[in-house]
Amino acid sequence: MKGRLISVALTLPLFTIILLYNRVIFLFHALILAISIISTLEIFNMAKVYRQKNFRTVITTIAAMVLGYVITICGTNILHGDFSRLYKFTQINNISMSLSLVMVFVLIAVLFIINMFKVNVSTFEERGRAILTAVFCFIYVGLGVWHISLMRFMTSGKYYIVFILLCAWLSDTGGYVVGRKFGKHKLSNSASPNKSYEGLVGMFLFTIPVSILYYYLYSNGYLSLVLGKDIPTFSLSQIIWLTVIFTLTGFLGDMGESLIKRMYDTKDSSKMFPGHGGVFDIFDSVILTAPISYYIIIILLN
């Protein structure tokens, strides 16, 4: 627990400043890209891709992530708002995500090519595992995390990002605290033996009250100094339902990461943050929640 508190005390203030302060918007996008890259490297490490000497697969995947991220961000409405005062990219708009999806198939093609000519370096089974891991990382981790950046350009974007992070991280905290104290009925011994039905209830006990408080504070202008003055168009009942949905998706993202770690027989994705593990451990619930919340919000706004 002490390690968790130290990690939070060191990282949360820096992350909050980068997220909320408009003058460092470039650092915000760099941070999102770094999260996707580091998480990918952690997954490669868990999958033992480095030990199999599939370095070209790793380098190709990271290069594709950087290019795909730039395409995605450039294709968003880049010529408006605070970002336009720093950089003038070409506006691609509607085809940005399509180009990012094309990058998936380009990545697969390149991975096939570079693995065709590897002789006496790794077995075909190891190469296939490395390719599948690379594609998974690009689609799940890369495209998932990038939706946080896309959300930053929306009206009340900072509000939605903080809202999603609250749902993801508070659900994790609530599940941990309540589950550790009262957890008796296990959810899944095979995927995550420490998860319980009591912990699942604890997630909602943490996220729903805080989301309601956050909604009222923002709607009444108490957070306008840091989050802007744009009032979200959602009603309180919609916020509650969104909280339930985002809490569940965060839980599924956490369970998904638990499955991955069990598959590779490891406790944490890395030891970067004492008490928490690696970047993938911290953002596992956010990765799945970000794209789902992004499109739900767009549908509701339209």
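Placed from the backbone N, Cα and C atoms, the Cβ positions cover glycine too.
Unlike curated records, TrEMBL annotations are generated automatically.
Residues or ranges marked as transmembrane segment by TrEMBL: 26-45 (among others). Same-chain residues lying 6+ beyond the ends of the transmembrane segment (26-45) with a Cβ under 8 Å from its Cβ atoms: 15, 18-19, 58, 61-62, 65-66, 69, 73, 86-87, 130, 133-134, 136-138, 141-142, 145-146, 148-149, 152, 260, 269-270, 272, 278-280, 283, 287.
Summarising the annotation, TrEMBL assigns transmembrane segment to 57-79 (among others).
Residues or ranges marked as transmembrane segment in TrEMBL: 99-117 (among others).
As annotated by TrEMBL, transmembrane segment applies to 129-148 (among others).
According to TrEMBL, the transmembrane segment annotation covers 160-179 (among others). Counting only same-chain residues 6+ beyond the ends of the transmembrane segment (160-179), those with a CB under 8 A from a CB of the stretch are 19, 148, 151-152, 154, 194-196, 198-207, 210-211, 214, 227, 232, 242-243, 246-247, 250-251, 253-254, 285-286, 289-290, 293, 297.
Counting only same-chain residues 6+ beyond the ends of the transmembrane segment (200-218), those with a CB under 8 A from a CB of the stretch are 159, 162-163, 166-167, 170-175, 177-179, 182, 187, 224, 227, 231-232, 236, 239-240, 242-244, 246-247, 250-251. Annotation comment: TrEMBL describes 200-218 (among others) as transmembrane segment.
Tertiary proximity for the transmembrane segment (238-256) is limited to same-chain residues at least six positions away from its ends with a CB under 8 Å from its CB atoms, namely 163-164, 167-168, 171-172, 175, 188, 191-192, 195, 200, 203-204, 207-208, 211-212, 215, 232, 284-289, 292-293, 296, 300. Residues annotated as transmembrane segment in TrEMBL: 238-256 (among others).
The transmembrane segment annotation in TrEMBL covers 277-301 (among others). Beyond the transmembrane segment (277-301), the same-chain residues lying 6 or more positions past its ends with a Cβ under 8 Å from any Cβ of the stretch are 35, 38-39, 42-43, 140-141, 143-145, 147-148, 150-151, 154, 160, 164-165, 167-169, 171-172, 233-234, 238, 242, 245-246, 249-254, 256-257, 267-271.
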